[in-house]
Amino acid sequence: MNYNKKSIEYIDVKGKKVLVRCDFNVPLNEGKITDENRLVGALPTIKYLMEKGAKIILCSHMGKPKGEPKKELSLLPVAKRLSEMLNKEVIFADDDNVVGENAKKAVEDMKDGDVVLLQNTRYRKEETKNEEVFSKELASLADVFVNDAFGTAHRAHCSTVGVTNYLKEAACGYLIQKELKFLGNAVEKPERPFVAILGGAKVSDKINVINNLLDKVDTLIIGGGMGYTFLKAQGYTIGNSLVEEDKVEYSKEMIDKAKEKGVNLLLPIDNVVADKFDKDASPVVTEDQNIGEGYMGLDIGPKTAKIYSDAIKSAKTVVWNGPMGVFEFKSFANGTIEVAKAMADSDAVTIIGGGDSAAAVNILGFGDKMTHISTGGGASLEFLEGKELPGIAALNDK
């Protein structure tokens, strides 16, 4: 995939109407935004365009309204909070059909530096199907397109891809630029040793990532629920642990591929187990890889955590996607905590691949110790798989 995309500095935006696709898919509780990270992430691009005298038309989806207006998924709270953050009124164009009379009037009345926010793009059923009619309507409002929503870059929707068929100038904003820089470098030209850590529940979610990374990394660390499928592939007993029987053979192939490639594949050598999946279950540490009948693995053990931490500390580039255990249960969070600590203490380039690992790092207060926390869970996974992301591919090359 070509990561060398034109960014906003390369476009003359003064006096031009710029349609910016942001990711304002934020959690709401009774109309109040409970996590503002995505709004904060969008500010550098919006502020730059304001300073340069562009007319800024923001668009985003929120949740899954499935092609019809749902009041609880309106972007009104986002418009209000952005107005406070920017110290400037963000005009909210509240049209159920997104590009309606309110939007057209608001855009027509804009002065340089003004900001308009359109209603939730997924109020339109055409959005997720990337249908021409809605792409054209969105594009008709603007002269230039800027994509700054990495979280939806793996989706070919009207507001991420379709509009670029009608707006010939299409660039990335600062957020996507940063994602391309760190994830792109990690995948294409990492400083070595390069260590990747994969966790989470299922091997099936990470099949292509494992396969792609084995061609690139020096060390691959496996933890989380997916670790038990690998342990079974090595012939160990895993009790009642989560296992994907249909992926045991695949796991064996990956163990062989790692040997062939000279990749140091690290798998758990001890586990923290319990007799039930419950936050109050009593944790028991196994002596070795084997898990007894009636028990299930819920975290990597202390010996494993030490080996994993040492590997991280000797790395120059580290990419992490997926927790090491059931992080939500205090008794089974230690593996994830130890990995996060090792990354926080490291001088390496440390990249967190969005999703649960990003949440874990932020909860632990290590967020500011990481080089880069990706804003896209699904998008960063597809990036690590080596897939082309449609929302990036559609932008102008440098």
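Every residue number used here counts from 1 along the chain in the order it is shown.
Every residue, even glycine, has its Cβ placed from backbone N, Cα and C.
Taken from Swiss-Prot, the feature substrate binding site covers ASP23, PHE24, ASN25, ARG38, HIS61, MET62, GLY63, LYS64, ARG122, ARG155. Within 10 Å of the Cβ of ASN25 (substrate binding site) there are 19 other Cβ atoms, across all protein chains.
Under the DSSP three-state reduction, GLY297 (ATP binding site) is assigned to strand. Sequence-distant neighbours of GLY297 (ATP binding site) (same chain, six or more apart, CB under 8 Å from its CB) are GLY225, GLY227, TYR228, LEU231, ILE238, GLY239, SER241, LEU242, PRO268, ASN271, VAL272, VAL273, ILE291, listed in sequence order. The ATP binding site annotation in Swiss-Prot covers LYS206, GLY297, GLU328, GLY354, GLY355, ASP356, SER357.
When the neighbouring Cβ atoms lying within 10 Å are counted for each of the binding-site residues (ASP23, GLU328, ASP356), the highest count belongs to ASP23. ARG122 (substrate binding site) has a Cβ environment of 26 other Cβ atoms inside 10 Å. When the CA atoms are compared, no binding-site residues among the candidates ASP23, ASN25, HIS61 lie within 10 A of SER357 (ATP binding site).
Ranked by CA distance from HIS61 (substrate binding site), the binding-site residues LYS206, GLU328, GLY355, ASP356 have GLY355 at the top as the closest. With respect to their backbone Cα atoms, ARG122 (substrate binding site) and GLU328 (ATP binding site) stand 31 Å from each other. Cβ contacts within 10 Å of SER357 (ATP binding site), excluding its own Cβ and spanning all protein chains shown: 32. In terms of local Cβ density within 10 Å, GLY355 ranks first among the binding-site residues GLY63, GLY355.
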